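K.L.:
Below: one structure in structure tokens.
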Amino acid sequence: MAQDSPKNSAAEIPVTSNGEVDDSHEHGFNRDLKRSLPAGLGLSETQITSHGFDSTKEGVVEAGAFQGGQRAQTKSGPVVLADEIKNPAMEKLELVRKWSLNTYKCTRQIISEKLGRGSRTVDLELEAQIDILRDNKKKYENILRLAQTLSNQLFQMVHTQRQLGDAFADLSLKSLELHEEFGYNADTQKLLAKNGETLLGAINFFIASVNTLVNKTIEDTLMTVKQYESARIEYDAYRTDLEELNLGPRDANTLPKIEQSQHLFQAHKEKYDKMRNDVSIKLKFLEENKVKVLHNQLVLFHNAIAAYFAGNQKQLEQTLKQFHIKLKTPGVDAPSWLEEQ
């Protein structure tokens, strides 16, 4: 009796009525496999081709990019950046290049002037005013040093007179037979010390005012003069370049260079003219301010010195009131900002 062998799914090959292999199960399997894959993951389309059970080859899986049931074709090409996107490193490199070129031109111009080979733009009237200003600054600095020395020496003398007055006063109390003599000297030294402090206040006010004029007002003007001189060197450097290009041949290669040099020359010429005008204005205002300040300070210095050595205490005090000078009391600190409020 023949026994039915257990069915093997791999051995079951459905056929149609015409004797052809029925592949509807294969298409159904592929369809179920595609549905089981998550959507939107960009997976490749999968096609499974099965062979007969007696074949030595297994199923072949073919993969391709899945886009709407069709295999996508990738396109590649050059990436073009927008003009608005700039590289910071390239910008810095361009700035360094321009600075190096400008420094080279200015250095060459300075060396040519020192060697007597290059021409130099000179404003005779303005240059004379600048030379006078620099000479006056040196003289004012010398006055400041001497006035500071006088102030230090006067301070030491006033300090000594105050100590001497205290010593005379102490001896006046302890020496009955010389009580009046020591007392007179004590009062004299204390009066001299008081008048010396008044004179010292006037001298220190003179020093502070002249110091502000020399080290702030004049120094600010000289800084503008330095900027003017730098602009003059740049102007002469680019003027020399333009003159050299104009002396050479004119063709398709040199014309763009001449136009660029003309543009740079014009820009530096405008800068030079502006700085020259600024220096002229500052020198004018500085002269007016200098005359006003020094007039008041010299009158103060003269009146204070004359009143002190004449022994005119009232005139000395009146001089300080005239210039609104307040003396600082020895041993008393300046009020804090809370107290001033």
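Glycine too: its Cβ is placed from the backbone N, Cα and C atoms.
Per TrEMBL, the features are:
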| type | residues | note |
| --- | --- | --- |
| COILED | 123-150 | coiled coil |
| COILED | 258-289 | coiled coil |
| COMPBIAS | 22-32 | compositional bias 'Basic and acidic residues' |
| DOMAIN | 121-321 | domain 'AH' |
| REGION | 1-32 | region 'Disordered' |
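For each feature listed, report its degree of burial, its nearest neighbours and the pertinent distances within the displayed model.
P.N.:
Sequence-distant neighbours of the coiled coil (123-150) (same chain, 6+ residues past either end, Cβ-Cβ under 8 Å): 203, 206-207, 210-211, 213-214, 218, 221-222, 225, 276, 279-280, 283, 286.
Distant neighbours of the coiled coil (258-289): 121, 123, 126, 129-130, 133, 213, 217-218, 220-221, 224-225, 227-228, 231-232, 234-235, 238-239, 241-242, 245-246, 250; these residues of the same chain sit at least 6 beyond its ends, with a Cβ under 8 Å from one of its Cβ atoms.
Summed and averaged per residue, pLDDT over the domain 'AH' (121-321) gives 90.
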